[in-house]
Amino acid sequence: MSYYVGIDVAKDKIDCLWLRDQTSLKIKTKVLPNTAAGFTQLKSWLEKNVSLHLDDVFICIEATGVYHEALAYALYAMGVKVSVVNPAFVRDFAKSLGVRSKTDKKDSMVLARYGAMTNPRLWEPEADEIRTLKALLTRLMYLKPIYSVSLIVWKRQKSVNPQRPLLSPLS
């Protein structure tokens with residue numbers, strides 16, 4: 001038997017909703033911090049309420065910038081089936097259900113139902129090499145403008161006193 005959980009992820013908290021019955025829409029909810037301690041509490045809550053076998057649990061979360069990433073890695077490490085889904089797809093799905101207002105609890109419900117009804121692709125972590133490369137590229141993206149400004153400042157200083165510029169471009 002599969003258990004469907006939707007989790008609405010924010011910077012500081014995760015709103016979890018276990019869809020106990022897809023027909024009657026019976027639910028159980030829990031709000032936890034979006035931290036490693038919160039993920040441990042989530043595991044305990046799932047084991048206590050949902051299943052003794054976490055591989056029976058299917059969790060659907062929205063891609064929310066970077067806020068969902070630590071949770072996705074933690075869930076994967078726990079052995080939970082997790083899908084990270086496109087927010088636009090979930091928004092369209094919510095409209096098809098007639099959900100007009102937006103609250104964390106409603107978002108969690110929509111995510112749980114989306115997971116149960118559409119069976120989205122399971123998420124797997126990227127290889128460490130890919131994650132490292134992405135981190136380096138992000139750092140480079142932030143360093144390029146800083147280097148450019150530094151070079152402009154250095155050229156201006158050099159033009160004021162060509163024999164003795166105050167700083168090199170990489171200082």
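Cβ coordinates come from backbone N, Cα and C, glycine included.
Note that the structure is a prediction, hence the values are computed from the model and not measured.
With helix defined as DSSP H, G or I and strand as E or B, the domain 'Transposase IS110-like N-terminal' (5-137) counts 64 helix, 33 strand, 36 coil. Taken from TrEMBL, the feature domain 'Transposase IS110-like N-terminal' covers 5-137.
Mean pLDDT for the domain 'Transposase IS110-like N-terminal' (5-137) in this predicted model: 92.
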